[in-house]
């Protein structure tokens, strides 16, 4: 059975534009992603306004703080019943366990961010991480699996390695950094939708290629057609 893997990233602080896109993409994408830019501008009420359009929400806040702070923040966010919420796996085991406890009873699934797609080997070394992105993602995916997170966020470059170790029942793979050409913007580890799906992705986070398109609906349809044989 075909499952729509597209999550459209609404990386904007313009709520009217976000509402317009969400209504336009209703029934055509699996979720819309709201990030820190939107949440800082509009908070819980802004997220609720988008949710009222009927499209499931992927709230990408990448929470990373001491366990108690993250736990209390999630207790507040849980009332929104978003589909997925991100935390940083590098926040550690205790932080993730407390986060899982706080989300208990909610429909929200916790997803762990591993290595940002804006980072490469040299960036990791600058912050004291000597492993390659693949090695670091594998280390963090193991921790995420042990804690019981629903899935992880990783680039398509690491997805194949993770999928070779863990089945879809173990960890869902949410893959950002999806591009169609050489325009990578501020991301370094990027691949096409088809390549990401073949690597084992369950969800593709796609922003600018859709939101900056002259015809977002047609762009989504084109993406779905390009990956239909990979599902």
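Cβ coordinates are placed from backbone N, Cα and C, and glycine is handled just like the others.
The annotation active site, proton donor is assigned in Swiss-Prot to 62 on the grounds of sequence analysis. According to Swiss-Prot, the substrate binding site annotation covers 11, 33, 60-69, 117, 179, 187, 207-208.
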Exercise for the section: Ten-angstrom check, please: count other Cβ atoms within 10 Å of the Cβ of residue 117 (substrate binding site), all chains counted. Expected result: 25
Practice task
Would you mind reading off the Cα separation of residue 117 (substrate binding site) from residue 62 (active site, proton donor), to the nearest angstrom?
Solution key: 13
Completion exercise
According to DSSP, the residue listed as 'active site, proton donor' sits in strand
Practice task
Select one residue from 67, 207: among these binding-site residues, choose the one with the most other Cβ atoms within 10 Å of its Cβ.
Solution key: 207
Handout entry: Between residue 11 (substrate binding site) and residue 62 (active site, proton donor): CA-CA distance (Å)
Key = 14
Problem - Same-chain residues at least 6 apart in sequence whose Cβ lies under 8 Å from residue 61 (substrate binding site) - result: 35, 36, 39, 77, 85, 86, 87
Exercise for the section: Could you tell me which three-state DSSP class residue 11 (substrate binding site) falls into? Expected result: coil
Fill in the blank from the handout: residue 64 (substrate binding site), Cβ-centred 10 Å count of other Cβ atoms over all protein chains shown, is 16
